[in-house]
Amino acid sequence: MPTMWPLWLLASLLALSQALPFEQKGFWDFTLDDGLPMLNDEEASGADTTSGIPDLDSLTPTFSAMCPFGCHCHLRVVQCSDLGLKAVPKEISPDTTLLDLQNNEISELRKDDFKGLQHLYALVLVNNKISKIHEKAFSPLRKLQKLYISKNHLVEIPPNLPSSLVELRIHDNRIRKVPKGVFSGLRNMNCIEMGGNPLENSGFQPGAFDGLKLNYLRISEAKLTGIPKDLPETLNELHLDHNKIQAIELEDLLRYSKLYRLGLGHNQIRMIENGSLSFLPTLRELHLDNNKLSRVPAGLPDLKLLQVVYLHTNNITKVGVNDFCPVGFGVKRAYYNGISLFNNPVPYWEVQPATFRCVTDRLAIQFGNYKK
């Protein structure tokens, strides 16, 4: 029998999620299990911690007699998870701010399923069997900011998403195409998680992300063979790990000059063209682990804010004295606090100590035994 989360905890987590909207913990930690921690500082995540935050008074206890059978209702939170529901329940209080319907058997969202829920802030539909959504199903949800609809059977991104939406998590579905206009009017959106879908590069129509000002985008565990070139240029975080990307060409990153974090681990990257990384002047963290690189990528010393580089589990055989640090002092604005090189065929005893002259501490350098 699944453990039921206390309702006071759900309400608390809803309130806490405002400070760091992209870092999932506890109840919100549904799916991100690849081991890459989210940026946890406001500047790095690009998160706006003031806009869209509901008044804390809205979480004042209410005593509405409306509560669906079998559900738990308190503090404007309606929890109906793990009940084997076949449809969205009726008799949901109109002042509900969080509706939890995860881990059920819901296969369809109908036109009036959310009628009257104009105060709903977060809707959790993770791990159902949803394959059909009426084009007006979300119309009543004028204040919805968080929609979690991952681990369902969707073959397309739902139409007519609420214009108030800030965060969409739709990973682990069956989506193959992202058509132009599907995100039209979503000016408040800053986070989309759509990994775990069978998306190829050809599945993104030109202009698919037009109008979006995203800070965070994850398209991991898909079928990408290259870095998409038409993503929002406002991105601070881009995660494309666990794909089939083979190379980074000169202009692949041209649009993404505002990136703080770039995740490209677990791909098939053999080549990074010289100058490719020069378009990322604000980059702080770079994940290139579990690829097929034979050398340290060129251009790392020119990234003045870069602090973390994951290069473990590649085919790197040599590390040069100037591969990480610029020549001379005072050029780099932030020292490295993490460089991983373990599981590479590098004779670590041949690496000169001066190679890591711009690292905060020797413990930040991770070498390890290489096993062929």
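Backbone N, Cα and C define each Cβ position, glycine as well.
Record features (Swiss-Prot):
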type: SIGNAL; residues: 1-19; note: signal peptide
type: CARBOHYD; residues: Ser45; note: O-linked glycosylation site
type: CARBOHYD; residues: Ser51; note: O-linked glycosylation site
type: DISULFID; residues: Cys67-Cys73; note: disulfide bond
type: DISULFID; residues: Cys71-Cys80; note: disulfide bond
type: REPEAT; residues: 86-106; note: repeat 'LRR 1'
type: REPEAT; residues: 107-130; note: repeat 'LRR 2'
type: REPEAT; residues: 131-154; note: repeat 'LRR 3'
type: REPEAT; residues: 155-175; note: repeat 'LRR 4'
type: REPEAT; residues: 176-199; note: repeat 'LRR 5'
type: REPEAT; residues: 200-224; note: repeat 'LRR 6'
type: REPEAT; residues: 225-245; note: repeat 'LRR 7'
type: REPEAT; residues: 246-269; note: repeat 'LRR 8'
type: REPEAT; residues: 270-293; note: repeat 'LRR 9'
type: CARBOHYD; residues: Asn274; note: N-linked glycosylation site
type: REPEAT; residues: 294-316; note: repeat 'LRR 10'
type: CARBOHYD; residues: Asn315; note: N-linked glycosylation site
type: REPEAT; residues: 317-346; note: repeat 'LRR 11'
type: DISULFID; residues: Cys325-Cys358; note: disulfide bond
type: REPEAT; residues: 347-372; note: repeat 'LRR 12'
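Features recorded in Swiss-Prot, as mapped to the structure shown.
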residue	record	Cβ neighbours (10 Å)
Cys67	disulfide bond	18
Cys71	disulfide bond	20
Cys73	disulfide bond	21
Cys80	disulfide bond	24
Asn274	N-linked glycosylation site	11
Asn315	N-linked glycosylation site	14
Cys325	disulfide bond	20
Cys358	disulfide bond	17
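Inclusion criterion for the recorded positions Cys80, Asn274, Asn315, Cys325, Cys358: a C-alpha placed within 10 angstroms of the C-alpha of Cys73 (disulfide bond); this criterion is met by Cys80.
Distance from the CA of Cys67 (disulfide bond) to the CA of Cys358 (disulfide bond) is 59 Å. In the three-state DSSP scheme, Cys71 (disulfide bond) is classed as coil. In the three-state DSSP classification, Cys80 (disulfide bond) falls within coil. In space, Asn315 is the closest of the recorded positions Asn274, Asn315, Cys325 to Cys71 (disulfide bond), judged by Cα positions. Residues 22, 32, 34, 45-47, 171, 176-187, 189-194, 230-232, 234-245, 263 of the same chain lie 6+ residues outside the repeat 'LRR 6' (200-224) yet bring a C-beta within less than 8 angstroms of a C-beta in it. In space, Asn315 is the closest of the recorded positions Asn274, Asn315, Cys325 to Cys67 (disulfide bond), judged by Cα positions. Checked against Asn315 (N-linked glycosylation site), the recorded positions Cys80, Asn274, Cys325 differ in C-alpha distance, with Asn274 being the nearest. Remote same-chain residues near the repeat 'LRR 9' (270-293) are listed as 36, 39, 44, 241, 246-250, 252-254, 256-264, 299-300, 302-316, 334, 340 (criterion: CB distance under 8 Å, separation of at least six residues from the stretch ends).
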